[in-house]
Structure formats: C-alpha cells, structure tokens
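Under the heading transmembrane segment, TrEMBL lists 28-49, 61-83, 103-121, 141-159, 205-227, 239-260, 280-299. For 42-297, the entry in TrEMBL reads domain 'G-protein coupled receptors family 1 profile'.
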Amino acid sequence: MESANQTASVTEFILLGLSAHPKMEKTFFVLILLMYLLILLGNGVLVLVTVSDSRLHTPMYFFLGNLSFLDICYTTSSVPLILDSFLTPRKTISFSGCAMQMFLSFAMGATECVLLGTMAFDRYVAICNPLRYPVVMSKAAYVPMAAGSWAAGSAASMVQTSLAMRLPFCGDNVINHFTCEILAVLKLACADISINVISMGVTNVIFLGVPVLFIFVSYIFILTTILRIPSAEGRRKAFSTCSAQLTVVVVFYGTILFMYGKPKSKDPLGADKQDLADKLISLFYGVVTPMLNPIIYSLRNKDVKTAVRNLVSEKHFTW
C-alpha cells in the first residue's frame with residue numbers, strides 16, 4: 001500500500017537537461033532549432049517527391065519516403081520538449097506526457113532499425129538477383145514489409161513503455177536527461193527492474209543485433225557482386241544505388257553503439273564529464289542523424305536530385 005501511495009504521488013517528472021550548464025542552453029537552443037527546421041524541410045521534401053514523382057514509385061524510394069517520414073515523427077516526439085527545456089526555468093513533464101514521449105521515441109527508433117534492414121534487403125535483391133527483383137519486391141511485398149516495420153517498432157515500444165511506467169517511483173522524480181529516455185527513467189524506480197533489464201536485452205538483440213547482422217551479411221553479398229561486374233561504369237552505377245543507405249546505416253548504428261557500448265567512468269569528476277558527453281551524444285543521435293539523411297540521399301542520388309529540381313521548378317512556375 002505504501003508503494004502504491006508513493007507511486008501515485010509522482011504526477012510529474014523534472015527533466016534536468018543542461019541545467020548544470022546554463023551558459024550552453026541558449027547556444028544549443030539556436031543550434032537545435034535550426035537543425036529541427038532543416039529536418040522538417042529536408043525530410044519533408046523527400047516525402048513529397050517520393051509521393052508526387054511517378055518515376056520514384058519504386059520499392060527503394062518507397063522505403064526512403066518511409067524513412068524520411070519516420071525521422072520527422074521521431075524528432076517531433078522529442079525536439080519540441082528539448083527546446084522548451086532550454087527556455088523554461090522549471091523543466092517538468094506530466095507522468096502521462098512522459099509515457100507518451102517515451103513510447104513515441106522508442107517506437108520510432110525501433111521502427112528505423114527494422115526499416116534499415118528491409119532497405120538492405122531491397123538493395124540485395126536489386127543487385128544480386130536483378131532478374132527476380134520485380135517479382136520479389138512487388139508492391140504486394142514491399143508495402144507489407146514497411147507496414148510490418150512500423151507495427152513491430154510500435155509493439156516493442158508498447159511493451160517497454162508499459163513495463164517501465166508500471167514501476168513504483170518513490171519520490172525522486174528528477175530525470176537526468178533532456179527527455180523521458182527509458183534508461184534514465186528506470187534509474188528512478190524503487191523496485192526490482194530485472195524484468196525490464198531482461199526485456200530490454202531481448203529487444204536490443206531483436207531490433208539492434210539481428211538487423212545489424214542482416215545488413216552486414218547483405219552488404220557482403222552486395223559488394224562481392226559489385227566487384228564481379230566487368231565494367232568500371234557498371235560497378236560505379238551499382239555502388240551508387242546503395243552507398244547512400246550504407247552511409248546512413250554506419251551513422252545510425254555507429255552512434256548507438258558508441259552511446260551504449262562505451263565503459264562507464266568510476267571517477268566522480270570523470271562521471272560528470274561523461275554524463276555531459278552522454279547527453280550531447282544523445283542529441284547527435286536524435287537530431288543530427290535525421291538531418292543528415294536527406295542530405296546524404298540527395299547528394300548521392302541523381303533521381304532524387306532531378307525530382308527535387310523538378311518540384312522546385314514547378315512551384316516556381318506556379319508562383
């Protein structure tokens with residue numbers, strides 16, 4: 001009964017953010033706001049061209065449109081909260097608001113892991129089995145693959161969020177983060193979180209380990225096939241179709257592995273510095289990566305560049 005009363009008393013959480021570094025808050029507010037606007041613009045344009053340009057109605061660009069829309073949803077679930085925390089003296093969020101933000105962020109991150117795996121499969125079939133590509137990657141196949149990515153990410157997030165928010169929180173409601181990041185929230189629980197840890201471990205294997213292994217194996221076959229192409233022009237053209245996605249995969253998974261895989265400092269001063277570094281890396285993962293995706297794809301893809309130019313010229317002509 002006492003535990004239930006303590007849990008009920010926690011109606012809101014305080015987001016610590018960069019409170020210990022007030023001089024950095026205004027600088028980061030401007031930087032994050034500009035990055036967020038670029039994310040909305042860049043990914044919004046990619047979504048628009050993949051929908052409106054009939055020449056981009058292929059599996060590869062369908063997945064790209066999904067990735068861009070996902071990046072908009074992911075950043076919108078957290079960036080407005082981060083920006084508000086930079087300006088508000090008391091950085092609070094309601095219990096239900098924290099649960100919703102946690103669910104959306106986790107769902108978008110898990111969905112992107114699966115979606116990048118499906119994009120790797122698309123490139124594998126296109127390059128290693130080009131004659132079977134129209135059959136294997138038909139609309140009846142790639143639409144359910146994308147929908148399945150969203151469904152799987154949402155289901156995993158629902159499980160993790162439900163397990164986390166059912167825990168008792170005994171008075172300490174200060175989250176040492178910008179947002180309701182699930183690991184930061186679990187640290188506040190005053191109960192055994194072994195089930196949460198096991199569940200998170202299983203989820204990480206399914207949504208991080210399996211897609212990474214699948215992408216790695218797919219690109220081994222892809223690179224092997226490309227190297228067997230006799231002409232240099234053929235190799236360049238084949239590699240250009242998958243180099244953009246490979247770059248996105250390296251940035252996305254590289255940041256995650258660096259963020260969660262590095263050792264923790266036992267020195268108090270070192271721990272404080274590491275804590276600040278963890279927060280800044282989290283910002284990079286949540287803001288810079290979605291901002292880079294449309295830049296990478298537009299710079300490395302002639303079809304996208306052509307579609308964007310056509311869209312801009314049409315709008316200019318209309319005006």
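In case you wondered, yes, glycine gets a Cβ from its N, Cα and C as well.
Contact counts against the transmembrane segment (280-299), taken as Cβ pairs under 8 Å, peak for 61-83 among the stretches 61-83, 141-159, 205-227. Ranking 28-49, 61-83, 103-121, 239-260 by CB pairs under 8 A with the transmembrane segment (205-227) puts 103-121 at the top. For the domain 'G-protein coupled receptors family 1 profile' (42-297), the model's average pLDDT works out to 85.
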